[in-house]
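Copied from TrEMBL, the annotated features are:
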DOMAIN    269-313  domain 'LysM'
DOMAIN    355-399  domain 'LysM'
REGION    321-346  region 'Disordered'
SIGNAL    1-18  signal peptide
Amino acid sequence: MSIRTLLFLCGFFFVASAATPLTPVKKKVANRMRQMDTKVTELMADRVGFKKEMAAKELSDLNSKMLEAELAEEDKMFPADELYGSIWDNRWVNPYKKEDLTLPDSFRIDCSTFVLPVTSEVNVTSKYGPRRRRMHRGIDLKVQIGDTIRAAFDGKIRIKNYERRGYGYYVVVRHPNGLETIYGHLSHFLVDVNDQVKAGDPIALGGNTGRSTGSHLHFETRFLGKDIDPADIIDFENGVPHEDLYVFHNVKINGRNSNVYTSSGDQMVYHRVKSGDTLGAIARRYGTSVSQLCKLNGLKSTSVLRLGQAIRCSAGSTTRTASVKNESGNDEKSTVSSSKKKNITVETSSDNNATYHRIKSGDTLGAIARKYGTSVGKICELNGISKTTTLRLGRSLRCS
């Protein structure tokens with residue numbers, strides 16, 4: 001057989017086999033291959049889509065974090081600008097009388113980061129209130145000349161000045177929470193105007209300058225220029241805020257703007273969550289209902305309670321006669337409805353004998369626990385903190 005004949009026969013058989021219809025088995029295999037190709041294509045598309053979604057989510061999270069960081073930086077640079085606007089005066093304690101500022105009807109002030117401005121044992125030598133023919137618009141805390149004075153909250157230094165017949169050397173700090181704090185009768189400044197400070201940062205040294213008869217710190221809390229009794233906000237005996245949130249109320253009496261400074265509850269009772277506590281058990285203990293607890297604390301009946309969490313268990317209000325000072329220092333008496341806050345954190349029947357420790361330099365949870373004959377775990381439970389929590393100078397820790 002010649003080579004030409006052989007090639008002809010091979011070509012014939014190849015064409016014949018190609019023209020032969022696919023068997024059912026071959027069709028099934030071909031369909032399976034097409035399905036697999038489609039599946040692979042879909043999986044690849046899903047993978048690409050998933051990667052795009054993940055990238056978009058990461059970008060969104062990054063943008064959110066960047067936005068939060070920018071807002072936090074703005075808060076530091078322009079504290080409470082939503083209240084004070086562009087008013088940033090480095091000369092006058094209360095420049096707002098001349099400005100067209102409208103006091104809000106009410107405003108919630110975050111006091112949770114408060115740090116005592118003094119590092120020594122707290123001794124209130126003069127309270128807020130009228131003094132003969134003048135108004136004492138703050139409280140006096142005993143300090144020695146040269147004692148460190150600290151910022152009560154995060155903020156920015158608005159004034160660093162001297163007033164011979166009043167504050168002496170004094171500092172005014174504006175805070176993002178809306179308050180301004182004043183520190184008077186200082187001996188030395190540790191900050192400059194426009195410096196940003198953190199709660200607990202040293203800002204000055206105690207002294208006896210200005211209208212003063214002995215070394216002390218004159219401490220004021222103001223909101224849009226209106227003085228608030230610091231003791232309404234801070235429990236100076238224990239060195240902590242009465243509550244994390246303080247509510248400022250602006251009330252009109254007889255057509256005049258009178259400022260009644262109140263918080264949001266009277267004789268409020270709190271329960272500190274311990275291991276095994278449930279909303280039902282807490283409700284039964286304080287003679288209330290689960291729904292009422294949820295309403296007071298913004299919870300759901302299914303909410304998980306955290307160890308150390310403070311649960312508000314009751315609230316009420318009273319009516320009292322308020323003597324409100326106007327700018328000239330005169331009394332404006334009227335009966336107003338108020339809800340003067342008094343925090344009571346209830347944990348056991350012996351809460352009235354609770355012991356507190358104010359953080360000093362070098363303190364650790366272990367050292368504090370040994371000092372008060374307790375454990376680090378117990379201190380963490382009582383204060384709602386963890387073993388790794390950073391202790392702030394001036395903070396009060398409950399130890400029993």
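Cβ atoms are placed via backbone N, Cα and C, with glycine included.
All TrEMBL annotations are machine predictions without curation.
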Item to check | Positions on the same chain near the domain 'LysM' (355-399), where near means CB under 8 A and six or more residues out | outcome: 115-119, 121, 150, 199-200, 238-240, 272, 274-275, 306-310, 347
Checklist entry - For the domain 'LysM' (269-313), what are the DSSP-based totals of helix, strand and coil residues? => result 15 helix, 8 strand, 22 coil
Checklist outcome for this item: Secondary structure split (DSSP) over the domain 'LysM' (355-399) reads 15 helix, 6 strand, 24 coil
